[in-house]
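S.K.: The structure that follows is given in the form of structure tokens.
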Amino acid sequence: MALTIPRSQYVATYGPTVGDKVRLGDTDLWATIEQDFLTKGDECKFGGGKSVRDGMAQSSTSTRDNPNVLDFALTNVMIIDAKLGIIKADIGIRDGRIVGIGQAGNPDTMDNVTPNMIIGASTEVHNGAHLIATAGGIDTHIHWICPQQAQHAIENGITTMIGGGSGPADGTHATTCTPGKFNIERMFQACEALPVNIGFFGKGNCSMLEPLKEQVVAGALGLKIHEDWGATPAVIDAALKVADEMDVQVAIHTDTLNESGFLEDTMKAINGRVIHTFHTEGAGGGHAPDIIKAAMYPNVLPASTNPTRPFTVNTIDEHLDMLMVCHHLDKRVPEDVAFADSRIRPETIAAEDILHDMGVFSIMSSDSQAMGRVGEVVTRTWQTADKMKAQRGALGDEGNDNFRIKRYIAKYTINPAIAHGISQYVGSLEVGKLADIVLWKPQFFGVKPEFVMKKGFISFAKMGDPNASIPTPQPVFYRPMFGANAKANTESAVYFVSQASVDANIKAQYGIQKETLAVKGCRDVGKKDLVHNNATPEITVDPERYEVRVDGEHITCEPATKVPLAQRYFLF
């Protein structure tokens with residue numbers, strides 16, 4: 001006989017279900033569950049007097065030799081995902097990959113158990129009833145200035161870091177390039193202990209092909225062109241020729257000073273080939289004042305970096321000082337001051353907010369320690385979304401913010417994965433992908449995860465005093481867990497590399513332990529493939545007033561005087 005209970009009691013026991021609204025942090029963003037995959041009355045819950053026990057929701061007969069038995073079951077969890085939507089389900093993990101989104105349990109005693117989601121004696125279980133699961137974030141603009149960035153990134157929910165550098169050298173301070181085989185090899189060896197997936201850009205600034213090819217063979221997953229090395233048409237053409245031949249992506253920081261041409265000349269050199277543009281608004285660098293127009297082209301995958309996200313009353317002042325440091329400028333040199341002033345434009349930064357909300361800008365990233373904060377990609381994304389809701393209203397949803405939420409989460413999960421040919425491995429919680437999962441309490445969403453899983457094993461978590469009698473006493477702060485230790489770490493994270501380097505067996509050459517996974521399909525994508533962020537309207541910029549127009553309409557917004565997910569979360 002069925003038992004009817006009040007919705008409030010159900011939510012208190014098993015978490016929200018279809019129609020329930022969940023507030024994200026202290027933002028004004030509300031997510032409503034669209035679909036619930038769980039069978040009412042057969043929910044899996046672990047604990048004293050609960051259902052996950054022998055002969056009930058846990059099978060008594062299934063051994064791990066049965067390929068349908070899970071290694072880890074995350075039960076009753078709310079999922080926010082750019083591809084799956086906003087749903088309620090159990091997540092099944094086996095061999096470090098997601099094998100099921102559905103109903104876990106014991107098919108001998110329960111109805112509607114997803115066939116490959118059996119809970120057995122070999123299954124670890126975590127109650128997700130009052131948590132939100134998201135895919136691990138992907139940051140595609142990493143200056144590898146110091147290895148400690150990885151810990152700060154994972155503590156904000158970033159599990160994949162793509163960029164370049166070799167430590168605190170001037171070249172790395174300014175550009176995201178790991179130049180040449182020697183440096184690439186050393187960086188692979190140096191990053192074995194880091195708890196995140198990693199990919200390196202080779203230096204793309206060369207007008208001849210062979211010096212570029214050898215870096216791809218050495219393990220670069222792509223090439224980075226930067227104006228400080230000379231972003232000339234010849235360099236752009238050469239890098240894209242190599243990328244087309246070897247199936248890797250090209251990222252570009254274009255020519256702020258317009259030394260070798262204007263935006264139109266750069267687009268002519270690109271010649272319709274796919275390219276990933278960094279800080280496409282321009283404050284981080286790029287053709288002044290109209291690099292923002294690049295976002296209208298169907299072959300351009302446009303990204304932002306987080307120091308301009310969102311536009312606030314402090315943005316302009318902060319940027320001038322950052323720029324002087326990162327690009328080795330001198331306030332006593334008039335030309336250097338003019339260079340800085342040309343890049344920092346309130347009008348285009350304001351427009352960037354709106355272009356994100358319209359789905360014209362597709363990717364969010366950090367620019368770590370080089371005019372960006374590596375531990376704030378996720379936070380800045382949701383601050384931007386909240387600011388846009390306050391200033392522009394709803395995006396056509398009926399009583400919730402689901403579409404806006406899916407648009408914004410795509411910017412740091414699936415879209416950077418698509419841009420760099422790794423979406424078959426990461427970027428969403430779809431079946432078959434690496435179990436890189438971030439768990440959040442709703443009130444801390446976007447700021448401080450509960451824990452982060454890498455390939456199905458807990459890597460980092462908020463943890464209390466290890467000498468306490470229970471896990472929760474203060475001081476509570478992020479600590480590396482077993483998944484970030486010793487050989488478990490090298491088994492729980494991967495390197496993303498070129499197919500040419502896999503064929504060259506760099507894993508054996510370099511003596512590295514982490515799995516190397518080849519990027520694929522980098523040259524076949526376009527703006528049309530980016531999830532919820534594929535708009536290509538006509539964009540114009542007034543060369544004197546810097547006003548930005550989209551399809552003829554002037555777009556601008558006021559700077560924020562306060563943002564959510566800020567000081568109240570960082571008192572301690």
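For all residues, glycine too, the Cβ spot is worked out from N, Cα and C.
Checked Swiss-Prot, it gives:
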type	residues	note
DOMAIN	136-572	domain 'Urease'
BINDING	His141, His143, Lys224, Asp367	Ni(2+) 1 binding site
MOD_RES	Lys224	N6-carboxylysine
BINDING	Lys224, His253, His279	Ni(2+) 2 binding site
BINDING	His226	substrate binding site
ACT_SITE	His327	active site, proton donor
S.K.: Starting from the Cβ of His141 (Ni(2+) 1 binding site), draw a 10 Å sphere and report how many other Cβ atoms land inside it.
M.R.: 33
S.K.: In the same chain, which residues outside the set His141, His143, Lys224, Asp367 have their CB within 8 A of the centroid of the CB atoms that define the Ni(2+) 1 site?
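M.R.: Near the Ni(2+) 1 site, beyond His141, His143, Lys224, Asp367, sit Thr140, Ile142, Gly163, Gly164, Thr175, Thr176, His253, Phe278, Thr305, Ser365, Ser366, Ser368, Ala370, Gly372.
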S.K.: Roughly how many angstrom lie between the C-alpha atoms of the residue listed as 'substrate binding site' and His253 (Ni(2+) 2 binding site)?
M.R.: 5
S.K.: Round to the nearest Å and give the CA-to-CA distance linking His143 (Ni(2+) 1 binding site) with His327 (active site, proton donor).
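M.R.: That comes out at 13 Å between the alpha carbons.
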S.K.: Over the domain 'Urease' (136-572), what is the model's mean pLDDT?
M.R.: 96
S.K.: For a quick check of packing: other C-beta atoms within 10 Å of the C-beta of Asp367 (Ni(2+) 1 binding site), how many?
M.R.: 30
S.K.: Among the recorded positions listed here (His253, His279, His327), which has the Cα closest to the Cα of Asp367 (Ni(2+) 1 binding site)?
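M.R.: Ranked by Cα distance from Asp367 (Ni(2+) 1 binding site), first place goes to His279.
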S.K.: Including all protein chains shown, what's the count of other C-beta atoms within 10 A of the C-beta of His143 (Ni(2+) 1 binding site)?
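M.R.: Step by step: centre on the Cβ of His143 (Ni(2+) 1 binding site), count other Cβ atoms within 10 Å, giving 26.
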S.K.: Ranked by the number of other Cβ atoms within 10 Å of their own Cβ, which of the recorded positions Lys224, His253, His279, His327 ranks first?
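M.R.: Its Cβ has the most other Cβ atoms within 10 Å: Lys224.
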S.K.: I want the residues beyond Lys224, His253, His279 whose C-beta is within 8 angstroms of the mean position of the Ni(2+) 2 site's C-beta atoms, in chain order.
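M.R.: For the Ni(2+) 2 site, the extra neighbours are His141, Thr175, Thr176, Ile225, His226, Ala251, Ile252, Thr254, Thr277, Phe278, Gly284, Gly285, Gly286.
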S.K.: Measuring Cα to Cα, how far is His141 (Ni(2+) 1 binding site) from His279 (Ni(2+) 2 binding site) in Å?
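M.R.: His279 (Ni(2+) 2 binding site) has its Cα 9 Å from the Cα of His141 (Ni(2+) 1 binding site).
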S.K.: Determine, to the nearest whole angstrom, how far the Cα atom of Lys224 (Ni(2+) 1 binding site) is from the Cα atom of His253 (Ni(2+) 2 binding site).
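M.R.: Here the two Cα atoms are 8 Å apart.
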S.K.: Whole-number answer please: how many Å between the C-alpha atoms of His253 (Ni(2+) 2 binding site) and the residue listed as 'active site, proton donor'?
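M.R.: Taking the Cα atoms only, His253 (Ni(2+) 2 binding site) lies 13 Å from the residue listed as 'active site, proton donor'.
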